[in-house]
Amino acid sequence: MSGVKWTDEQQKVIDTRERNLLVSAAAGSGKTAVLVERIIQMITDEEKPVDIDRLLVVTFTNAAASEMRERISEALEKKIDNNPENRYLHKQLSLLPNASIMTIHAFCLQVIKNNFHMIQVDPSFRVADETELTLLKSDIVKELLESYYQKDNNDEFLALIESYATGKSDDRIESLIMELHKFAMSNPWPVKWLKEMADTLHVVDEKDLDDKVWTKMVTRDLEQALPMSIRLLEECLSICQEEGGPIGYEDAIALDLKHIKSIYHQLQEGYQHISQEIMGMKFGPIGRCKKGVDPIMQHKVKAIREDIKESFTAIQDQYFFKAQAHIAHDIDQTYPVIEALVDLVITFMENYKEAKAEKNMIDFNDIEHYALNILVTDNEEGEKVPSSAAIQLQDRFSEILIDEYQDSNLVQETILTSVSKIHQSMPNVFMVGDVKQSIYKFRLAKPELFMEKYKTYSTEESKYQKIDLHRNFRSRENILDCTNYLFSQLMSLAYGDVVYDEHAALHLGAPYKPCEEGIHAGPTELILIDHEEVESDEIIESKEVEAKVIAGRIKELMNPDEPYYIYDKKNGIYRPAMYKDIVILMRSTSTTADMFVETLGKYDIPAYTDASTGYFDTVEIRTILSLLKIIDNPRQDIPLLSVLRSPIVGLKADELVRIKTQLPEGEFYDAYEQYIIGTIDEDDLSQKLTAFHEQLTDWREKAVYMPLHELILHIYEVSHYYNFISVMTGGRQRQANLDLLVDKAIRYESTSYKGLFNFIRYLEKIHKYAIDMGEASIFGESENLVRIMSIHKSKGLEFPVVFVAGMGKQFNMQDLNKPILLHQDLGFGPKYVNYELRYETKTLPRSVISKQIKNESLSEELRILYVALTRAREKLILVGSCKDIHKKIEKVSTYLFLPDVTLPNALIGKGRSYLDWIIPAILRHADGETLRACCQGLVIQSPEALYHHRSFWEVTCITPEQTIEKEEVHAQERMQSYEALTHWASEVSYSDYDKDYFDKQLNWVYPAKDAIARSVKVSVSEIKRQNMLLVQEEHEELFHDFEPYKPAFMEEKIRLTPGERGTVFHKVMQHIDFNRMDEQDYLVTYCDQLERNGMLTEKEKKSVSIQALLRFSDSDLIKRMINAEKQKQLKREMPFVLGINAQDIYDACDLKETILVQGVIDCYFLEHDEIVLVDYKTDYIKPHEEQVLIDRYKKQMELYCRALENISGFTVKEVILYAFSIGQEIKMDPFGLGD
């Protein structure tokens, strides 16, 4: 990347070699560019060059790996342009396709396939579909529980059921087994972890407690909490003794202080020693004050003391809730029950492994653990050490580079450590990430791995070194200042795992050209909607109010008279903001995003959300699923009624009643049949039912033999439902959803499950376990509309204008209510259930784990908030609702007299929403006057560095009534426009704007009128004919006629058309044995067999050139195909359906309509976890005319690549056309097909 001016820190990262290097790269610091430059410098180093295939580059996603390859390729090509004779650079470019730039799972797969002899795995395994695995696990766990119920002497298992099942079903136990299995698999040695964690619950008596990890956590918690209590009480004592202070409270405060200091000084003695004193401590009456006391001082002391009392009582309730002997007893009583659970999980793991082996498939956990078993072994002392396979990889890789290191887990850490040279005292691991952006706790990521190294690595030159990249090249200065202002107060080691100091803070690096003041940038906005005493059933209303507030603010930004300007980096100019420059971020989109889209639409603001839920709740999917259910089994009343009521049949409610009156008792299906049979007069209803019944019978017959995706497409066509929904509101989205159902059917057909019944189960599991539940995406990145997305989905992206909505929404802490809590370090946190006396109670492990999970969740929420704020380039607007701002401010003000910049842990720990953190932080800023004014008499002593902080804020407090007033104004404006249109008068003078507007409205022409005549579903062949020039020569070499010349009047139709000949050839290739293609006798016999089986006619058989097939058998391609087929990695004649933009097919189409494309892929195979696409071509071309075929089939291959990547999840690395007329492979670049 010559020409780039790197910062000193970036250059240091690029140049530092031969050590373990940890790079803490803040948001927008250009870490990817630096990582690429480091790789380029390593492979082009004049003194110590390293071949690109001697680097292991581990990325978080496949997309990141592809981007990395592309950037490296571009950089190498630039260097080659400057030095075309450099053979070394050409060599690196040729090595790049096979370089180890991949995800951790791709690397592990590579390890497994190269060493499968070391583990009991068939090398032809496949990685199973996630939903298929969910179905399999569900079946296995049900069988497992059934087998345990039938065992004798099984008291512990029955105690487990009695303790933790609901009594109505085993669903909770099934979920617990699968959750614990998932949890255990995040540990390198899952069975060992399960047993060790269960053993910690064996407590002989109370003396054992001091040795347990939970009691050590209790004393640690007290060590963190009590100093702040002592400090606050000392402050209260000082206030009491001041003039006008509440001296009457002094004795009570002094006694509290004495007790808490005593406890604090005894913490080193251990849990047992302090328990009696803590249990016995009581907060007595605070006392009385005489007249003349300053009411503000009195209130302050009383509020602080009440807060300390509340916090200390919580500690008593959490950790010291009964006598130690009873605590020890309760824990030990859970031990045999948890042992039974662990036994169940281990048996489940064994059964699950066997079931996968029978189906020759593995899951993503297997990928990591099989690789781990290959790379790590036990030495004579029983220690885990690198295996011989790992040592070979240590010698192969000069350096290991890990991107997004903060999201690694323990298994991945162990794998990559095993192939590094650390064991040879030659550390060679480069790690880059940002612990402040570690937001994947739900995937069991361990940000602690990053922080442990960050604490121990040196900033100086050493074998274990760290470098901070804190310059941000994305955002304007005020965005950075506001982010720094907030997180300097909110983040700490206790919450967020980071000390937010100058090393962690963001520093300006983005060059923005100066622009006229007032039309761009501006302060960061905080818009608070004050719902006074909002009831719980009004929560939806508060979300709607937020949506209206945001819509109003967007309208202001987009006002054509006073537009908000943003800096266009690409063109280096300022321009008015567009809708696509704006994003609305939410913690979760599942219950809110659709409502936001609808609300913004009412304000004429185009918006779109790519939500991860809601797919199965759409009417079109519910209807088709109901139809599939009754095709499988018509005796299901609810699905049957749903279909009858739907547009597919179109019955009205009164008609359904008429049907049911035929047979009031029993199932509706019987009444339905009775009506068809028993109606003498063939009325309209009878005709409708008869027609539908005949159609349903036909579908049920077809379901037996027809591929599922074809059945669904057939239903769409015959029922006309696909066309019907196209004219409904959101028709384009609805059709895309139905297309996605076809895609799911194709995915299902590649699993080990078969049949319609299992497909319905498959979809039910997708729905139940929230796997891939989002609606189909129909908008591209360039669409001019407002995006609404979750904060998680926004990670790695940036937007000029960012709204963060739902700042007042409570954090989800539902996991704390589970009957057994799980923690990677602390193990099990069960309730003690006495099922004989029918009561349950908490245990000490549960209380400790609950507190730890809560703290970790709050840390994660802080990091999620950091990610949200750092997405903004130019404008940041925070919007939130709360019940009563006045009370919220009063509550947090207890802590706002302290001189510390960082807010106390006690305040952060009590946070239940982002506003609980942001409000106290803004209260300490000069721009927080609007908040301070909400509480009369509120005194806040803010540190000077915060009160006069350089960040700029604009705080607005509004009520729902004010939003209604704005909405009325908006409605009035729309009504005026409508009236102006309907009462046009020539004598009235209209502005140019009005004239243009009305002219556009009155002369509007449907922009896609040409599309009316186009089919909504086309084949790839049709697209090919429309987009390519077909050469009309006969395919002379492959197909030839042996008949002598006959006069035209005597000639029957012997010659086949080029299309017919192509079809014949594909039939031949579909079933041919590749291993025997070099045997001429086999080829002749095989073609004869195809004729006998009716697959070819006699004249079709005669048209096949045996010589062309023999030439193919001698190609390099067939050898690769045979090898792939041996490993069961090759597929032939694979059908697909793909929804694509009409503009990609029809050049004259202006609208982005979705077209359903269907086709059949000749052949593809997996090679090193990437796809090689093969297409047979029988066109006649001359030697050296390969480009003719490339140009002719470019569009077709582009569609095939897109379909394959969508269906398989793998990247297409190579496209090969095999031209039989010249007997040659013609390679196409898959990355250039879309150009």
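Here, residue 1 is simply the first one shown, and the rest follow in order.
Yeah, the Cβs are placed from backbone N, Cα and C, and that goes for glycine too.
Whatever TrEMBL says is automated annotation, not expert-curated.
What TrEMBL annotates here:
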type: DOMAIN; residues: 4-476; note: domain 'UvrD-like helicase ATP-binding'
type: BINDING; residues: A25, A26, A27, G28, S29, G30, K31, T32; note: ATP binding site
type: DOMAIN; residues: 488-796; note: domain 'UvrD-like helicase C-terminal'
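In sequence order, V34, D434, L469, N472, F473 are the residues of the same chain, not among A25, A26, A27, G28, S29, G30, K31, T32, whose CB sits within 8 A of the CB centroid for the ATP site. Here K31 (ATP binding site) comes close to V23, A25, D403, V432, D434, L469: these same-chain residues lie at least six apart in sequence, with C-beta atoms under 8 angstroms from its C-beta.
Summed and averaged per residue, pLDDT over the domain 'UvrD-like helicase C-terminal' (488-796) gives 87.
Under the DSSP three-state reduction, A25 (ATP binding site) is assigned to strand. Looking only at the binding-site residues A25, A26, A27, the densest Cβ neighbourhood within 10 Å occurs at A25. Classification of T32 (ATP binding site) by DSSP places it within a helix. The sparsest Cβ neighbourhood within 10 Å, among the listed binding-site residues (S29, T32), is found at T32.
For G30 (ATP binding site), applying a Cβ distance below 8 Å and a minimum sequence separation of six or more within one chain yields Q10, L469, F473, G509. The local packing around G28 (ATP binding site), expressed as other Cβ atoms within 10 Å of its Cβ over all shown chains, amounts to 21.
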